[in-house]
Amino acid sequence: MKIVILSRNKSLYSTRRLKEEGEARGHQIDIIDTLHCYMDITSSRPTVRYQGEELPVYDALIPRIGASVTFYGTAVARQFEVMGTFNINESVAISRSRDKLRSMQLLSRKGIGMPRTGFASKPDNIKDLIKNVGGAPVVIKLLEGTQGIGVVLAETAKTAESIIEAFMGIKANILVQEFIKEAGGADIRCLVIGGKVVAAMKRQGAEGEFRSNLHRGGSAVVVKLTKIERETAVNAAKIMGLNFCGVDLLRSESGPKVMEVNSSPGLEGIETATGKNIAGMVFEFLEKNMKAEHSNKTRGRG
């Protein structure tokens, strides 16, 4: 198959692993810088151009779109979709998962466990907002934050009010969430491919750090999931419409709580922690689905 990977940096671990694994399985793998693509949106003949040339119609697309380029990246992915390329994660699903508020509203509607969460725009709602999620301590998150950036733990109601007022003062959109103390600064990353959890790791925050992101000095070990944790991860991926994603869970006294569904999960941490060939599993999914009827190809439904 001819497969295109959208990535800003071909030297990143995940991009390199996908290219190596794809070529080892006999596929043609092209890595294209998302922001250097441009589109010809012509009636009946949509194309993507790159470095002065028209790109071919690929069999499949693996989008590695960073949060900072979500708008343009999903536009490029959507252009490939209307050309008839099978996208492992449809552009609309990526957009859905990147909007933290929208994704939580969708998960909430389907009864997925989540930390109690509040959202507001006016300062006069702050006291009740904090009270409504259970009171301090609370976690305050920027809607646009990634890798633990823009996430603050407020230990007291007064501190929480000050932080929320400061964010509102700069017109930032924020979520206010209950703090799951029993999680102990750890979360679980479930890697879901094709409706199955294929690997899972427990990420522990560095000493004195409540955020468990590996980018912030956290560590990771393989973990065994409970049945309900596995089902929660699979259902969250399905609700987002993602075939390949990372679902982050917290273990709480009332069951697993979904923190985020990541449409472009990194492979280095989970391959290292579990010893599993995740990149190979991505291609197994593509090969199986590309053998199905052409009606399965994504066409960009909005």
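Cβ atoms are placed via backbone N, Cα and C, with glycine included.
Residues or ranges marked as domain 'ATP-grasp' by Swiss-Prot on the basis of sequence analysis: 104-287.
Sequence-distant contacts (6 or more apart, same chain, Cβ under 8 Å) of GLU178 (ATP binding site) comprise PRO115, ARG116, THR117, VAL133, GLY134, VAL138, VAL139. In the three-state DSSP scheme, GLU178 (ATP binding site) falls into the strand class. The ATP binding site annotation in Swiss-Prot covers LYS141, GLU178, PHE179, ASP187, ARG211, SER212, ASN213.
Sequence annotations record features per position, and here Swiss-Prot assigns Mn(2+) 1 binding site to ASP248, GLU260. Counting every protein chain shown, the Cβ of ASP248 (Mn(2+) 1 binding site) has 20 other Cβ atoms within 10 Å. A strand conformation is recorded for ASP248 (Mn(2+) 1 binding site) in the three-state DSSP classification.
Per Swiss-Prot, Mg(2+) 1 binding site is recorded for ASP248, GLU260, and the stated evidence type is sequence analysis. Packing around GLU260 (Mn(2+) 1 binding site) is summarised by its Cβ count: 19 other Cβ atoms lie within 10 angstroms of its Cβ, all protein chains included.
Marked as Mn(2+) 2 binding site by Swiss-Prot: GLU260, ASN262. In the three-state DSSP assignment, the secondary structure recorded for ASN262 (Mn(2+) 2 binding site) is strand.
Over all protein chains present, the Cβ of ASN262 (Mn(2+) 2 binding site) has 19 other Cβ atoms lying within 10 Å. As annotated by Swiss-Prot, Mg(2+) 2 binding site applies to GLU260, ASN262.
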LYS141 (ATP binding site) versus binding-site residues ASP248, GLU260, ASN262 - nearest by Cα: GLU260
Integer Å distance between the CA atoms belonging to ASP187 (ATP binding site) and GLU260 (Mn(2+) 1 binding site): 11
Cβ neighbour count (within 10 Å, all chains shown) around ASP187 (ATP binding site): 23
All-chain count of other Cβ atoms within 10 Å of PHE179 (ATP binding site): 18
Inter-residue Cα distance where the pair is ASP248 (Mn(2+) 1 binding site) and ASN262 (Mn(2+) 2 binding site), in Å: 8
